[in-house]
Amino acid sequence: HANTASAFFFLVYLHIGRGLYYGSYKSPRRLTWTIGTIIFIIMMATAFLGYVLPYGQMSLWGATVITNLMSAIPWIGQDIVEFIWGGFSVNNATLNRFFSLHFLLPFILAALALMHLIAFHDIVGSGNP
């Protein structure tokens with residue numbers, strides 16, 4: 001699981017690098033680039049959620065430290081952290097929530113990847129048919 005995810009991230013980094021090199025972030029491919037950015041953020045969230053799970057490598061303390069980074073958001077940060085945790089600390093409810101999201105997010109990624117392809121192929125002047 002971890003080896004495949006690492007290889008997948010490597011390929012995604014190559015894909016992002018190719019997009020930066022060829023200027024894919026410019027018009028008319030801005031929608032494609034935006035969807036790709038959303039895909040990348042959701043990929044990182046999925047990886048983090050899997051890493052926090054007990055059969056991953058991170059401890060509950062590590063999960064507490066990393067999720068507490070959200071508390072840096074002014075006014076609403078602590079409320080966001082407590083919403084993510086499902087209480088006042090990382091506990092079983094948090095792990096159940098993380099597992100559910102770790103299972104669900106790859107399906108959302110697949111849908112976004114399809115949207116990414118559709119957005120690319122619908123662009124006038126695209127090199128692909």
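Just so it is clear, glycine is given a Cβ too, placed from its N, Cα and C backbone atoms.
Feature annotation from TrEMBL assigns domain 'Cytochrome b/b6 N-terminal region profile' to 1-129. Secondary structure of the domain 'Cytochrome b/b6 N-terminal region profile' (1-129) per DSSP, as helix, strand and coil residue counts: 95 helix, 0 strand, 34 coil.
The transmembrane segment annotation in TrEMBL covers 6-24 (among others).
Taking Cβ pairs closer than 8 Å, the transmembrane segment (31-53) reaches residues 1, 5, 9, 12, 15-16, 19, 24-25, 62-63, 66, 95, 98-99, 101-102, 105-106, 108-109, 112-113, 115-116, 119-120, 123 in its own chain, all 6 or more past its ends. Residues annotated as transmembrane segment in TrEMBL: 31-53 (among others).
Annotation comment: TrEMBL describes 59-77 (among others) as transmembrane segment.
Long-range contacts of the transmembrane segment (98-119) within its own chain (CB-CB distance under 8 A, at least 6 residues past either end) are made by residues 31-32, 35-36, 38-39, 42-43, 45-46, 49-50, 52-53, 63. Residues annotated as transmembrane segment in TrEMBL: 98-119 (among others).
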